[in-house]
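Novice: In case it's useful when we look at the structure, here is the feature table from Swiss-Prot:
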- Cys73, His76, Cys144: Zn(2+) binding site (BINDING)
Amino acid sequence: MGVNKALIKQAVKQILVAIGEDPEREGLRRTPDRVANMLEELTNGREENVQYTLFEGSSNMVIVAGIRFSTLCEHHLLPMLGVTHVAYIPSDKVIGVSKIPRIVVKYSRMLQLQERLTRQIMNEVSSATGSGDVMVLTEAYHTCMMIRGVRSASPLVSMAYKGKFNDSSLRLEFLEYIRPFRLNKFLT
């Protein structure tokens with residue numbers, strides 16, 4: 001199911017009129033095109049097909065930390081900006097290091113809830129690696145919360161984990177490792 005850019009353009013023009021703007025005035029004339037192109041880019045994750053190649057690995061924890069992402073909140077269609085940290089314990093093989101950020105991009109390129117995004121990344125990493133031992137921590141600023149309503153710039157942190165990461169000492173080891181890559185240090 002692709003993006004219907006013509007319908008988006010028509011809807012954006014109607015929104016501009018509904019808020020008292022003239023969609024034909026200078027500065028807004030190309031806004032419907034820009035919004036349609038933006039939404040096409042930011043919601044094409046369902047079309048992503050990440051190919052995985054497995055390599056010889058070890059049984060030690062693999063961590064990819066500080067993966068920057070942006071996605072749109074499905075409630076307000078406003079951006080969430082954040083970082084994701086992923087760890088897994090290989091069963092005996094590992095996937096290429098670039099594949100984990102690709103998984104993050106795949107699921108962030110659709111309308112999202114942060115908690116669902118975190119679970120989807122965990123499940124895809126588990127499926128791709130064949131590991132039942134995966135942990136994902138996602139931190140994000142929600143612009144819907146920053147610019148409207150409560151107007152708070154507090155980030156949301158969500159975690160999903162399974163397998164050996166149910167052991168709190170392993171979670172703490174992961175959290176200690178990713179500390180330098182956490183959102184408050186990484187996006188500033």
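Cβ atoms are placed via backbone N, Cα and C, with glycine included.
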Novice: Give the sequence-ordered set of same-chain residues, not counting Cys73, His76, Cys144, with Cβ within 8 Å of the centre of the Cβ atoms defining the Zn(2+) site.
Specialist: Leu72, Glu74, His75, Leu77, Leu78, Met80, His142, Thr143, Met145
Novice: Could you tell me which three-state DSSP class Cys73 (Zn(2+) binding site) falls into?
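Specialist: In the DSSP reduction, Cys73 (Zn(2+) binding site) maps to strand.
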Novice: Ten-angstrom check, please: count other Cβ atoms within 10 Å of the Cβ of His76 (Zn(2+) binding site), all chains counted.
Specialist: 14
Novice: Taking the Cβ of Cys73 (Zn(2+) binding site) as centre, how many other Cβ atoms lie within 10 Å?
Specialist: 18
Novice: Near Cys144 (Zn(2+) binding site), which residues of its chain come within a Cβ-Cβ distance under 8 Å, counting only those 6 or more away in sequence?
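Specialist: Cys73, His75, His76, Leu78 - these are the non-local Cβ neighbours of Cys144 (Zn(2+) binding site), listed in sequence order.
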